[in-house]
Amino acid sequence: MNEAAALLPPSVGWLLLALFSALWIGLGVYWGRRNKSFEDHALAGRNIGLALGSATAAATWITSNTTMLAPQFALELGVWGMLAYTTASFGLFLFAPMAGRIRKLMPTGYTSGDFFRLRYGRTAWAIYMVFTLFYSLTWLVSMAMAGGILLNALSGIPYAWGMTVILGVCVAYTMRGGLAAVIGTDFIQSLIIIVGVVIVGFAVLSHVSVEQIHENLEATRPALLNVLFPAAIMAIFNNLLFGLGEVFHNNVWWSRAFAFRDGVGGKAFALGGLIWFPIPVAAGFIALASGALNVAVPAADMVGPLVVAHVLGEFGAIAIFIVVFCSLASSLDSLLAATSDLLTEDIYRKLLRPDATPDKLKNMAQYVTLALGLFTWAVCLPRIGTLASVLFFAGPLVGAMIWPIVTGLYWRSANATGAVGGMLLGAGVGLVCYFAIGWYVATLMATAVSMVWVLACTHLSKSRFDWAQLSETA
Amino acid sequence: MSFSAEFLSTIIYGSLIWCALTGLGLAALLIRDMKNGDIW
Amino acid sequence: MLSWQADGPVLLQIADAPDLSAPKLLYEGQAKSYFLSGLANGDYYLRLKGVGGTISAPLHVSVVHQSLTRALLLVAIGALVTLAIVVTILWGARDE
């Protein structure tokens with residue numbers, strides 16, 4: 001990105017950044033005062049209602065990836081690119097019944113790590129922790145980097161400053177307010193994102209009709225309209241499974257399953273999926289308009305902001321800036337909170353200090369959040385571009401965890417041999433495929449191999465798990 | 001075989017209207033929760 | 001991804017014949033680079049036209065997409081795995 005291409009003057013960028021930072025931190029401090037113990041801090045008192053629950057499920061899943069990558073996918077892979085992206089909402093739809101089951105089996109559970117430890121024992125738990133921490137940390141790093149890069153491209157704010165501010169703000173309000181602050185801000189952020197996407201979408205359509213877009217694509221980029229575009233359809237299920245694995249395994253989603261009030265979980269995740277579902281098309285189609293509007297796109301990942309700024313000028317650039325900032329914050333905060341809870345509960349409380357008081361645990365969780373923020377900041381500062389691509393290695397890892405989790409929740413015959421072997425074999429084969437064939441088969445192969453292994457082990461196993469072992473008393 | 005202009009406009013307008021409706025729905029849901037006093 | 005050096009606005013044209021006998025206009029304006037995507041299989045020729053009428057030498061681009069058979073095979077495996085996951089979750093716990 002060259003500096004001249006910034007869409008907003010830095011002063012406007014800083015002003016917007018300051019306004020929203022103050023808002024989020026203020027809300028974090030305000031909501032944080034409700035939290036007395038670790039349970040309040042990590043799980044918001046286990047009493048989240050339907051409105052906040054649905055909004056947080058959707059908002060957390062709307063990352064900068066959704067609002068920025070959807071246009072990029074549309075430009076590279078066409079209509080299929082957008083449609084395929086909407087399937088990521090299946091992760092939320094399918095997690096809905098699982099969330100109810102998790103709440104029922106583990107009424108006092110805290111984290112997904114608790115599940116692995118109680119269900120499959122220490123070995124499976126250790127592998128799970130390595131996989132999920134790898135995934136969570138690379139995701140944190142890639143989002144903080146994306147934040148710095150996007151703020152720089154949109155407003156010319158230097159990369160290091162933009163990244164520092166966005167990360168610092170999220171750390172500050174997550175530390176102070178815990179999950180309550182994360183979920184409360186998620187509600188506001190999801191409304192802002194939805195309104196922003198709708199306004200921008202209709203504004204673009206008032207400048208160029210769908211017929212014009214279609215005509216231009218047919219003339220200059222016909223493959224984008226091709227129903228059988230190989231590059232677009234071969235990755236559909238790979239990406240779908242990546243999404244499923246992300247939602248099923250990560251403590252971001254499990255902590256919400258524990259935090260939602262009894263009976264809310266299933267509905268909230270299903271509604272969250274419905275809210276999320278149209279976003280990739282609504283945010284992505286503007287990229288297809290770039291040709292008809294005669295917008296030159298120097299790099300595929302900037303197509304969204306460029307088209308919007310071309311059509312709407314400074315107002316559009318401000319709208320995009322706010323939408324991007326909200327989508328980044330709504331995911332960064334969730335990941336910070338969930339990962340810090342995982343480390344606090346699974347490592348500190350269960351391994352090191354079983355007798356820690358609730359108050360002490362809450363303090364510990366806050367320090368872990370701060371430490372995670374500092375770690376992410378230190379890794380992001382040099383801006384090593386290839387770092388973000390490490391996230392793709394996580395595909396096989398999360399894919400290999402799908403079957404152990406699903407069968408572990410529903411089948412008494414699922415066992416540790418199946419889970420450990422499924423995760424290791426699946427991830428191994430997936431990574432080999434990643435290098436030998438390509439990224440677009442890695443998650444698919446990992447999930448398929450792990451499925452075969454897990455099914456074979458459960459079929460041969462005589463053990464029957466006693467569900468009561470999952471509801472350990474805190 | 002190509003996606004038609006009608007298909008394209010259906011998914012684009014459909015998704016934008018869907019987004020607008022879910023936005024309103026969320027706001028309505030929050031007001032309902034607030035009235036019952038059980039936001040959280 | 002194309003980039004070029006120019007002093008003024010340019011026209012970017014594309015055609016499927018080496019002599020660019022029937023060019024289509026891709027872009028017209030001040031930009032210095034352009035992300036090209038979505039072409040069907042085949043050979044393409046691109047050229048730039050400056051304001052003063054200067055014309056660049058054509059650039060040859062060959063587009064070969066992934067095999068459709070392999071793509072459909074991957075879709076089939078993926079559909080099977082996904083379906084199995086959906087069925088397992090919806091079937092739920094039946095042996096309690």
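If you go along the chain as it appears here, the first residue is 1 and each next one adds 1.
Placement of Cβ uses the backbone N, Cα and C atoms for every residue, glycine included.
Feature list (source: TrEMBL):
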TRANSMEM  A:12-31  transmembrane segment
TRANSMEM  A:77-96  transmembrane segment
TRANSMEM  A:125-151  transmembrane segment
TRANSMEM  A:157-175  transmembrane segment
TRANSMEM  A:187-208  transmembrane segment
TRANSMEM  A:228-248  transmembrane segment
TRANSMEM  A:269-297  transmembrane segment
TRANSMEM  A:364-384  transmembrane segment
TRANSMEM  A:390-411  transmembrane segment
TRANSMEM  A:418-437  transmembrane segment
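Only pairs six or more apart in sequence are counted, and the transmembrane segment (A:364-384) with the transmembrane segment (A:125-151) gives three or more Cβ pairs under 8 Å, enough to call it a contact. In this chain, the transmembrane segment (A:269-297) does not touch the transmembrane segment (A:390-411); fewer than three CB pairs sit within less than 8 A of each other, excluding pairs fewer than 6 residues apart. As a quick check, the transmembrane segment (A:125-151) and the transmembrane segment (A:418-437) clear the bar of 3 or more Cβ pairs under 8 A, pairs 6 or more apart, so the two touch. Long-range contacts of the transmembrane segment (A:228-248) within its own chain (CB-CB distance under 8 A, at least 6 residues past either end) are made by residues 61, 77-78, 80-81, 84-85, 87-88, 90-92, 94-95, 98, 135, 395, 397-402, 405-406, 439-444, 447. Contact between the transmembrane segment (A:77-96) and the transmembrane segment (A:269-297) is supported by 3 or more Cβ pairs under 8 Å, counting only residues 6 or more apart in sequence. Outside the transmembrane segment (A:269-297), and at least 6 residues removed from its termini, the chain residues within Cβ reach (under 8 Å) are 50, 53-58, 61-62, 66-67, 70-75, 78-79, 81-83, 85-86, 88-93, 95-96, 99, 190, 193-194, 197-198, 200-201, 204, 207-208, 212-213, 215-217, 220-221, 224, 256, 303-304, 306-308, 310-311.
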